[in-house]
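Report on the following structure.
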Amino acid sequence: MASNVYRNGTGSHKGAMRPLAASNSSNVKSSSFKSRIPPSSNHSPGSAPLRRSNSAGGSDGVPGRVRVAVRLRPRNAEESVADADFADCVELQPELKRLKLRKNNWDSETYEFDEVLTEFASQKRVYEVVAKPVVESVLDGYNGTVMAYGQTGTGKTFTLGRLGEEDTSARGIMVRSMEEILANVSPETDSVSVSYLQLYMETIQDLLDPANDNISIVEDPKTGDVSLPGATHVEIRDEQDFMELLRTGEAHRIAANTKLNTESSRSHAILMVHVKRSVLGAEDVIPSETDKSSHFAKPPKPLVRKSKLVLVDLAGSERVHKSGSEGHMLEEAKSINLSLSALGKCINALAENSAHVPVRDSKLTRLLRDSFGGTARTSLIVTIGPSPRHRGETTSTILFGQRAMKVENMLRIKEEFDYKSLSRKLEIQLDQLIAENERQQKVFDDEVERINLEALNRVSEVERNFADALEKERLKCQMEYMESVKKLEEKMIENQQKHGCDGFMKDKCNGEGPGSSIVEDVAEIKKLLEKEIHTRKEAEEEVNKLKSQLGECPDSGEGGGSEILKLQKALADEVRQKKKLEEEMIILRSQMLQLTFEADQMRRCLGRNGSANAYGGLDSPMSQVRDSLNAHKTPVAALFEQVGLQKILALLESEDANVRIHAVKVVANLAAEEANQERIVEAGGLTSLLMLLRSYEDENIRRVVAGAIANLAMNETNQELIMIQGGINLLSVTASRAEDPQTLRMVAGAIANLCGNDKLQTKLRSEGGIKALLGMARCGHPDVLSQVARGIANFAKCESRVSTNGSIVFLLHDLITNPGIKSGRSVLINDGALPWIVQNANNDSSPIRRHIELALCHLAQHEVNAKDMISGGALWELVRISRDCSREDIRSLARRTLNLSPIFRAEMRRLRIEV
Ligand code: ADP
Ligand code: MG
């Protein structure tokens with residue numbers, strides 16, 4: 001009721017001050033009850049920037065007169081009976097929005113209202129015409145007031161406060177307003193809170209907290225805004241919350257009135273609904289300093305709109321006129337009615353544009369300062385009863401409404417920057433940035449860690465590679481060193497060979513050089529041996545002596561016992577000593593044997609004057625050994641006799657690796673001599689050797705053992721024994737694991753020998769012998785290749801014997817052991833040997849070449865092989881052999897074989913080849 005600022009202008013409403021005669025043409029324009037407020041930016045997004053206003057200034061308010069509706073209560077039961085013979089004191093013309101007040105039977109006065117609601121008006125309609133526009137304004141950010149004025153019992157509470165719990169159509173304005181507000185606010189950005197108060201005898205009581213019974217009104221000196229900081233504000237989220245709140249308030253109102261010995265009709269009930277909504281303001285436009293035409297737009301600022309809906313169920317208006325009538329003291333009655341009469345005075349002053357509006361006279365008028373003559377949209381509903389008995393009260397109510405219709409408000413939105421929400425938003429943003437920063441920091445740390453780890457790995461890998469390379473380099477250097485030493489040695493031997501017999505003779509004559517040193521060694525070892533024999537004899541004599549002493553010595557009590565013990569110990573020592581000496585003797589003998597053998601070989605080599613080719617013949621490599629041993633049989637044989645075969649074989653199982661290897665060497669050397677082979681096998685030597693092959697990892701031992709077995713495998717009986725004892729398999733395994741070409745040479749030699757035995761053909765294949773033989777070709781060393789080729793030739797020769805000679809014995813044997821082999825292709829072809837054979841048929845090394853040439857001839861003798869041989873390119877090799885082979889016998893064998901085979905003949909005819 002800031003009358004000075006919001007003074008009603010002259011305008012059209014002046015005429016409404018006076019009751020209108022029914023015949024008079026109304027100069028009060030029947031304005032619509034609907035809002036005239038232009039649509040806010042809330043309802044039309046994208047429209048012009050929000051009109052911003054605040055209570056501190058701004059003159060862009062919208063005029064908004066207080067709207068007044070009149071509602072007639074239907075006759076109640078009592079009135080229906082008592083007033084049965086009288087007409088109602090009012091007659092309503094709702095379509096004209098007019099009300100006729102009967103003075104008497106012949107005179108009446110007509111009043112025009114913004115809305116005239118008959119006794120039949122529904123609660124819904126009442127809400128829609130009276131309260132809805134106000135509620136909508138509140139949602140738009142304006143303050144709003146809906147107030148009921150009237151005599152007690154005319155339906156103020158019915159209109160405003162009905163809960164309509166049993167009948168929803170009976171819900172009053174309070175419930176419906178709240179429903180509408182809740183339906184339109186957003187729980188995320190907006191808030192709704194409620195206070196519920198009672199004003200009685202100038203005291204404001206909190207209906208939500210009865211203990212709070214003297215709430216003071218606070219006015220903002222700058223804006224003039226009034227507030228009740230002491231009142232309870234309850235946040236409302238849904239309708240249930242609100243209904244609960246109204247029930248609580250009503251219960252407290254009844255309790256408070258009982259306590260004060262009053263009734264609710266004498267107090268004013270005030271419900272305040274605070275609505276806070278967030279909206280985005282307009283973009284701030286900042287003109288650039290240099291270019292006035294260009295603009296930098298800032299993002300819109302968050303704004304908050306705080307509005308308040310005040311619903312007032314006033315005390316009965318009759319008190320104004322009947323003060324003291326119900327037994328109250330005059331002062332008390334004055335106090336009871338002070339607020340209501342002050343309200344009347346203020347409205348009168350506002351209606352009359354009076355200079356002074358006594359707003360401060362009562363708490364009610366202070367509370368409703370904004371509702372009348374302020375910035376709020378206000379609707380007043382005046383309620384009247386039909387009874388002519390209360391005509392006076394009804395008239396004064398109508399006049400009150402008429403005066404209120406003249407009050408002009410200036411509606412303004414209360415809008416301010418939402419610093420809270422801005423700070424909340426910024427806080428959230430800050431938190432998000434902090435979280436993001438932390439995440440990125442973590443990613444960064446992880447990345448750093450990963451790079452560190454990678455770097456460490458790389459460094460260690462480089463270190464490892466470097467170490468490997470260093471080691472490789474070291475090994476390479478070592479190898480090169482050894483290689484050059486070897487080359488030097490070879491050169492030396494070559495030189496010696498070049499010098500020939502002369503040199504040797506010279507060595508022999510002057511007693512120097514390798515030959516003579518070996519002779520010296522032998523002599524020395526012989527000496528040592530004799531010394532050992534002598535020591536042994538002495539030891540034996542000593543033992544015998546002690547034994548006889550022991551025999552002579554009778555039991556001589558305890559002293560004698562200890563003597564015996566001593567002697568027994570000495571005896572045991574002696575026996576141990578003896579055993580050791582014996583072992584040493586054996587080792588010495590075997591060493592001597594070895595040396596003798598080596599000396600023989602050396603001599604033989606030198607004797608040949610370098611002309612003899614070690615691998616010149618087609619025989620096994622061991623044959624040279626055999627030859628050399630045959631030629632110098634006597635010393636070996638003598639040593640063999642001296643040591644005894646059994647003892648040497650026993651040493652094969654010695655714990656001492658040195659002894660074992662010597663023993664194996666000796667056995668291998670002995671096995672090279674045909675005469676010894678049978679005896680070695682008889683004494684279990686072959687079994688021991690095979691055992692060694694099976695159980696020893698050391699390739700040195702395996703090499704020598706394989707050599708010994710190869711020697712023994714020259715004999716046909718031994719070949720079968722080797723097979724029976726699983727030798728083929730053992731040799732195959734040894735071949736697959738061997739790395740040293742010399743080991744491979746020995747194994748290949750052994751298998752090659754076995755390949756020459758017709759009876760072993762099947763076993764050789766089934767136990768992997770052939771595969772192992774072919775596999776050894778991988779080594780590429782000519783010595784090994786030569787043995788492989790020899791094995792293939794031997795095998796092919798046996799196969800051709802079975803197929804061409806048709807020995808019934810072999811056929812039967814094959815049929816029994818492997819029926820599939822009888823008339824099938826060569827096992828060699830089946831096992832994939834043909835490409836290797838063809839490839840090496842013209843090998844530079846003549847021993848290899850000869851063996852393969854023979855193998856090809858043998859394979860070609862079996863007609864079943866012919867096609868594979870043709871497709872594998874073997875025919876060309878055979879033709880070459882038949883023409884170019886330096887050996888006459890092989891040449892003619894090839895020619896004969898080719899001419900005998902119909903398939904080869906046909907192919908040669910086709911190719912126009914003649915042999
Ligand atoms: P007030 O609050 O003005 O003293 P109430 O609202 O208590 O009056 O109403 C008094 C009685 O009249 C109640 O019993 C109420 O139900 C009844 N009443 C009021 N208005 C109406 C109406 N429009 N239609 C039916 N009954 C009404
Ligand atoms: Mg009431």
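Each Cβ is built from the backbone N, Cα and C atoms, and glycine gets one as well.
What TrEMBL records for this protein:
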- GLY150, GLN151, THR152, GLY153, THR154, GLY155, LYS156, THR157: ATP binding site (BINDING)
- 522-598: coiled coil (COILED)
- 23-41: compositional bias 'Low complexity' (COMPBIAS)
- 65-407: domain 'Kinesin motor' (DOMAIN)
- 1-65: region 'Disordered' (REGION)
- 643-685: repeat 'ARM' (REPEAT)
- 684-727: repeat 'ARM' (REPEAT)
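Feature annotations (TrEMBL) mapped to structure.
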residue: GLY150; record: ATP binding site; Cβ within 10 Å: 28
residue: GLN151; record: ATP binding site; Cβ within 10 Å: 26
residue: THR152; record: ATP binding site; Cβ within 10 Å: 18
residue: GLY153; record: ATP binding site; Cβ within 10 Å: 20
residue: THR154; record: ATP binding site; Cβ within 10 Å: 27
residue: GLY155; record: ATP binding site; Cβ within 10 Å: 22
residue: LYS156; record: ATP binding site; Cβ within 10 Å: 28
residue: THR157; record: ATP binding site; Cβ within 10 Å: 19
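DSSP assigns THR154 (ATP binding site) to coil in the three-state reduction, placing it in neither a helix nor a strand. Checking the binding-site residues GLN151, GLY153, THR154, LYS156 against ligand 1, the ones with a C-beta less than 6 Å from an atom of that molecule are GLY153, THR154, LYS156. Residue counts for the repeat 'ARM' (643-685) under DSSP (helix as H, G, I; strand as E, B; rest coil) come to 33 helix, 0 strand, 10 coil. The binding-site residues near ligand 2, defined by a Cβ under 6 Å from one of its atoms, are LYS156, THR157, chosen from GLN151, GLY153, GLY155, LYS156, THR157. The Cβ centroid of GLY150, GLN151, THR152, GLY153, THR154, GLY155, LYS156, THR157 marks the ATP site; residues of that chain outside this set whose Cβ lies within 8 Å of it are ARG73, ALA148, PHE158, SER265, GLY316, THR383, GLY385, given in sequence order.
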